[in-house]
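Engineer: What TrEMBL records for this protein is below:
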type	residues	note
COMPBIAS	13-39	compositional bias 'Low complexity'
DOMAIN	187-476	domain 'CDC20/Fizzy WD40'
REGION	1-44	region 'Disordered'
REPEAT	232-273	repeat 'WD'
REPEAT	315-356	repeat 'WD'
REPEAT	445-478	repeat 'WD'
């Protein structure tokens, strides 16, 4: 430093005698624009050129006396009371590299936890609340309006709960979905028969409910609650089964005389009548333009409504009345259940069953194909059996069995979630909503005083209607809406109360 030249000053050197107190006060006030009360006579202030001021500001070797107070025309806040630890910032300059390493380590830890789960041997990184710094002081002036809360590891994950990728930890277990325990609507259905082997209720894709009452068929529009009488078979005949075509405009009616009538519901006009069975027809199932009918004469007839013949093939195998029929969702397999306690599976072209299951010990009326898994079939047995069984028709295996404690009358899968509903007869007359595959009960619904023999599901998959020998139809909201559906359903839930269907 001895060799460096001393900067030239434009004013006189500081070695000159100090001015008088009055002149010092005036000089201080004039140069720093200070009020008179802040002037100090004993000290001298030197006049600096702009270059000298800059040199003094950036000169790290320049130290002012601790006893001298510095005044300025700019406000420079003091950092001594700032809570740097709150922002994960260290005021020490040589700790920047450590902070960067800690931040990188925290991100890698979070990413590894999100991808491989919390059990991957990863120690969770310390959150800002856990870090302390010896230089940080408590300060309540920073973000006074904000309440500091501790966030979980899931909230810091780059993956949200709603779009979790495979292999990533799911969100915390949700509380079980609540199913209303009471029906939102009850319809009186006079002359609804108390017969286990009949199928008298079906719900179309156009939201119209068909019900067989005695020798008549009635239509109930779920959107308008309008009731229409479709047909009257006369005093010598009665309705044993009803079934809507998949498009929802044509209705098949099975009669006690062994005939099938095809009706155009939009025009309330009968299109044709097909024969072939000798006894009553208690089960119907559609597959596009193909209609299958099961009868007390132990046979199943395959009918193509486009052909002139009453039936195109006859399926034989059951030893007693056929009371359950269901086509799979891909229309490739037909499941049939009979009073002989047997469950058969047929393909599109076979006249003999391709699969035979003999595990049930009572009549098999309840049959349902899963819309979620190809080849998954559920079946339920009568009073002496009381079990719901699951089958894999692809591998011809029996998957599981659940003893329900009462007669199984009907089964239906939800198309929105992996759940199913069963209706029961002796001895509890209840309705149960199950979660598959755990078969845990979501809800048990009661209200019918007779066996719950009839079941149909709404086209949106949310509502079921049940019928019983107590001559009532009850509507229940048991399944959630599809995720893509944001509008309210039009099932008629706003029409509360009890009315009659005819």
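Cβ atoms here come from the backbone N, Cα and C positions, even for glycine.
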Engineer: Which residues of the same chain, at least 6 past either end of the repeat 'WD' (445-478), have a Cβ under 8 Å from a Cβ in it?
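Structural biologist: Tertiary neighbours of the repeat 'WD' (445-478) are 179-196, 198-207, 209, 211, 222, 248, 407, 409-412, 414-416, 421, 423-426, 428-433, 485, 489, 491-493, 501.
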Engineer: How does the repeat 'WD' (315-356) divide up by DSSP, counting helix, then strand, then coil residues?
Structural biologist: 0 helix, 20 strand, 22 coil
Engineer: Across the repeat 'WD' (315-356), what does the pLDDT come to on average, as a whole number?
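Structural biologist: Its mean pLDDT is 96.
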Engineer: When the repeat 'WD' (232-273) is classified with DSSP, how many of its residues are helical, how many are strand and how many are coil?
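Structural biologist: Split into helix, strand and coil, the repeat 'WD' (232-273) gives 0 helix, 23 strand, 19 coil.
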